[in-house]
Number of protein chains: 2
Amino acid sequence: MDMTGATHTTDDDRSETDEGPTTVNVGQFEFERGGSVDLDVAYETYGDPTNPPVLVAHALTGSQYVAGAAPEELGAQAGSWWDDIVGQGRPLDTREFFVVSANVPGSCYGTTGPASEGPDGEPYGPDFPAVTVTDWVRAQAQLLDHLGIDTLYAVVGGSVGGMNAIEWAKQYPERVERVAAIATAPRLDAQMLALDAIARRAITSDPNFGDGRYYGDEHPDEGLATARRIGHVQYLSKTSLEDRFGRRAAERAITAIDDPTADAFPYRDVVSYLDYNAERFTERFDANSYLYLLRAMDEYDLARGAGSDAAALAGFDGEALVVSYTGDWHFTVEQAETLATAFEHAGAAVSHRVVDSDYGHDAFLVEPETVGAPLSAFLDGGAEKAGFAPVHASLFS
Amino acid sequence: MDMTGATHTTDDDRSETDEGPTTVNVGQFEFERGGSVDLDVAYETYGDPTNPPVLVAHALTGSQYVAGAAPEELGAQAGSWWDDIVGQGRPLDTREFFVVSANVPGSCYGTTGPASEGPDGEPYGPDFPAVTVTDWVRAQAQLLDHLGIDTLYAVVGGSVGGMNAIEWAKQYPERVERVAAIATAPRLDAQMLALDAIARRAITSDPNFGDGRYYGDEHPDEGLATARRIGHVQYLSKTSLEDRFGRRAAERAITAIDDPTADAFPYRDVVSYLDYNAERFTERFDANSYLYLLRAMDEYDLARGAGSDAAALAGFDGEALVVSYTGDWHFTVEQAETLATAFEHAGAAVSHRVVDSDYGHDAFLVEPETVGAPLSAFLDGGAEKAGFAPVHASLFS
């Protein structure tokens, strides 16, 4: 078993990632929608490789740096993003489990993506093949092969990472025993497809985007910032934005823009917040990667090729945990219930935990206690131990 | 009384508007936030001027052409937008009432706005003063002075037109007897402020926007289209988008854009719908006007300068009708209830009709029967006749 520098075995080892991403080359990778690249998969591991392996799938703009040390430039959103969930003594205890996480194909944190150098020595840019959640799972399976892991004790993920987790039960049901799908859905609804398409078009219509070969020139930061602002609104609930910001004026001055209506009115704090975060985001994320990954999320549909969600999960006879949030309008409680029902109809033991939270979609990141307790119980004793089955069946009666 | 060609007295007269907008010059107009312009106000009237006068306020990108004939280039959204509500035998019956409607300052349908020619012979562009709902109401009052109308039997408006209506009760309580505020609120919440700011920035960051002096050159259509798409999502509910479009693929081909992820996946019908409507919108609306009017809506706050909503309405002792829609996330039922309560605390007779509709904010336009019945009853017999008072008090108990 090749356990290179990516392994975090103790809290003291957390600085080992300073030397950049650890990668494994899985060779020429054929993508679901056509095209292939010589694929490096960047990954991190945590804990003792002889313990039961758990794969953690990251969210849209997340990384393989689930917990502990992470490159500083990733910031708190992409680096060490589940530090309250994964670690020694944490709900996903790295003294009990061997945790593996990989950056998805198409991203920009070490796994090959549009910003990576292609065979001609230039970044792939728009020549990078379209990616799907199915591709991500197949790349992760190849990483596990490399690590000598045949069967996962569990796969855990939130948001599109939750789609990634349930796709494991569809694609490799024999290689995973437990699936924990947090704040996710079998597919997005029309409203989210609409907002995501608006976001993508904001990027591609930025004059700096050109045809996507902007590397070395000015990047389409304005369009990417617009896309991120739209995403940010999707990640928070109406209630949480109102409670946190209301109509309060910001303390900082607005970034200079030529808006003739700006000077006569206050710069609202909620706008300042989105602007600030969008600016930080453009410093850490590649616009093409955002296009590719957002599209992968939009186009994920658990039922595709199987006829129904339950049929897609027919081969899976393990246990499933579904966690959803009442304030989440990106991935709704109703969608999570559809997922839980599909697991049930497929014959899996499933527990659906509905968390009463106003925060919104990002609750799975910023209210880690809502994930920690059910996840810990689920890993310990399965759906029954998670203690909520079969409450999902009566949620909407 | 000057009753120029704008008057529709019978259905047969509906072609009279073919000669372009009818305007009255109200002289130099001082704006609330500073600046002044020589202001033309474009307006239409419907019915017999000796009947009780009712002012109808249009929504964000609407026009004075409430019903009957309208210039073709306005399309169905801006022209004759309430034809099911206003007319002979309609709920707001033009045989019983003299209906007046005016295009708001800052718009682009005949009333002076950023695209209008300034004193130097060039369009004002970004030199046009910032506009507020308060300005709109003062301009409307000056129009009524011109028409010889002292007191309105009623003012009626939906969306930001509803803000316009309630601002009448604040600013000229002695000049209006009844206020019908449809699908509106005393102020927007943080989520809407956020989305509107994203929309504005999409316009100002379009390279064709420049500093807002794009007239005669390429217009910032791409940015304006982004803004409109965002607005469109705000106007429809999550449920109605899902029921109407779901994840279905579009029949038409996507407008060519350089999105490297587009070719591998279907063009979704919901996206096609937004794109189509956004393209039509850029043909009829000025980007600067959109900036100015969107800002006026965002910055409206009934309580401003008065301390509370009820204090703002203290001078009004007439009757009020509030209509809200359960599927409206732009102007929510809860916000409408706040408004109804403020009217009640101010001593006005008020009826709050909550319409159970999945459609979303635009229900007040596309489900006219939901407006017609309560409006007709309200105009006939006030809040009590509207038949729902005081249900609002028990809605959330």
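Quick reminder: no glycine exception, Cβ is built from N, Cα and C everywhere.
According to TrEMBL, the feature region 'Disordered' maps to B:1-27.
Under the heading domain 'AB hydrolase-1', TrEMBL lists B:52-368.
The Cβ of B:S159 (active site, nucleophile) has 27 other Cβ atoms within 10 Å, all protein chains considered. Look at TrEMBL and you will find B:S159 tagged as active site, nucleophile.
As annotated by TrEMBL, substrate binding site applies to B:R228, B:D362. Counting every protein chain shown, 24 other Cβ atoms lie within 10 Å of the Cβ of B:D362 (substrate binding site). In the three-state DSSP reading, B:D362 (substrate binding site) counts as coil.
Counting every protein chain shown, the Cβ of B:D328 (active site) has 27 other Cβ atoms within 10 Å. Under the heading active site, TrEMBL lists B:D328 (among others).
According to TrEMBL, the active site annotation covers B:H361 (among others). A simple way to gauge crowding: the CB of B:H361 (active site) has 24 other CB atoms within 10 angstroms, across all the protein chains here.
Within the same chain, residues at least six positions away from B:R228 (substrate binding site) with a Cβ under 8 Å of its Cβ are B:A199, B:N277, B:A278, B:F281, B:T282, B:Y290. A straight line from the CA of B:H361 (active site) to the CA of B:S159 (active site, nucleophile) spans 8 Å.
Taking the C-alpha positions, the distance from B:S159 (active site, nucleophile) to B:D328 (active site) comes to 11 Å. Separating the Cα atoms of B:D328 (active site) and B:D362 (substrate binding site) is a whole-number distance of 8 Å.
For the domain 'AB hydrolase-1' (B:52-368), the model's pLDDT averages out at 96.
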